[in-house]
Amino acid sequence: MAEPVGAAIVGASGYAARELIQILLRHPGVKVAVATSRQDERLDALHPGLTKRIDLACEPFDADRIAERAGYAFLALPHTASMAIAPSLRERGVKVIDLSADYRLDDAQVYEDWYGHEHTDAEGLNSAVYGLPELFRQKIPSATLIANPGCYTSASILGLAPLVAEGLIERTGIVIDAKSGVSGAGRSPKLNTHFPECNESLSAYSVGRHRHTPEIDQILTTASGGGDPVEVIFTPHLVPMDRGIFATIYAKPLGTAVEHDLIELYRSFYADSPFVRVVTHLPATKDSAYTNFCDITVRVVRGRILILSCLDNLIKGAAGVAVQNLNLMLGAPEATALF
Ligand SMILES: NC(=O)C1=CN([C@@H]2O[C@H](COP(=O)(O)OP(=O)(O)OC[C@H]3O[C@@H](n4cnc5c(N)ncnc54)[C@H](OP(=O)(O)O)[C@@H]3O)[C@@H](O)[C@H]2O)C=CC1
Ligand SMILES: CC(=O)N[C@@H](CCC(=O)OP(=O)(O)O)C(=O)O
């Protein structure tokens, strides 16, 4: 049997990193060979809930040491931290799957406008492939840098892609009312995710200015085949639950919409996508929690199309899709280690 490929987890103490490690520990073709952290700790001390033991101590980030032991690096870092180190890995031949937002937007100026930071890796931005396999499966195997999608973004894009690809809805005025569990904000404590602040409370945030807006617009415009930009009104909410994203999406059809036909369209659009479940019941976050599934259904109400889309933010929204991307890059079955 071939030797497993080495993988590095950068930012090993975070939530997305924990899910990645958990998934990779059951991957037959991959060995977690390096974990880097600013914390001098063992992985099992950082993540006592891992269901399989891993005997690995974290080390400070060092591109040379990663390149010696790993062909692939997952960057589970905040945005700006990823683009500060991705070039050093790629120069050494390490393929990068970046979970942050640093390589998702095509245009450095749009990144600067929405993230408030200058983009410092133009070459990376040009070569990155957006890692949503359901739309870009053909491009991923040859990529050397994957821009893994955001969690709200995946739920929203997967919910809308069949309609924009078929030109069935108006391209502007699409409303995405989205909710996230608190783990979506990461493990580092912040005031709004402090228990007494968010427990027993539901709140909207970043109204009209959430950074996932241009990402959703960009990918849906591509999925529509180009032309006038698709524009969404995206409103995120924080919900006092650990995990899960739920997006309720409203779109105006260009002709008469028939629910049954739309369900058939979605089934056919995702026929080759093992992790999109087009369902007829109303989905709930509990049904996709801890899985790599995105559950979607469609309704027609008073002439509007409603799409309900939900997934686990840490798995289908982050670590699970990252492993889907790795599998495609390795030429392995896309679902390896994910069921
Ligand atoms: N949480 C979610 O649902 C999703 C998250 N993402 C994205 O994935 C990435 C990781 O998210 P998540 O795991 O939730 O975040 P966490 O805050 O849980 O973890 C991020 C880790 O990055 C390291 N880190 C933090 N700041 C810096 C810095 N300035 N320089 C270097 N390293 C730093 C820390 O690791 P250490 O202390 O070990 O060095 C930290 O634990 C982010 O870009 C996030 O936006 C994407 C989709 C969904
Ligand atoms: C609840 C919460 O705070 N969620 C995060 C999104 C998590 C995510 O997908 O972020 P990236 O685009 O950085 O990968 C937010 O709204 O910024």
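Quick reminder: no glycine exception, Cβ is built from N, Cα and C everywhere.
TrEMBL labels come from automatic prediction, so no person has curated them.
DSSP assigns CYS151 (active site) to a helical segment in the three-state reduction. Residues annotated as active site in TrEMBL: CYS151.
The domain 'Semialdehyde dehydrogenase NAD-binding' annotation in TrEMBL covers 6-143. Broken down by DSSP into helix, strand and coil, the domain 'Semialdehyde dehydrogenase NAD-binding' (6-143) contains 50 helix, 25 strand, 63 coil.
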> Tell me, what is the mean pLDDT of the domain 'Semialdehyde dehydrogenase NAD-binding' (6-143)?
Replying inline: 97
> CYS151 (active site) has how many other Cβ neighbours within 10 Å of its own Cβ?
Replying inline: 28
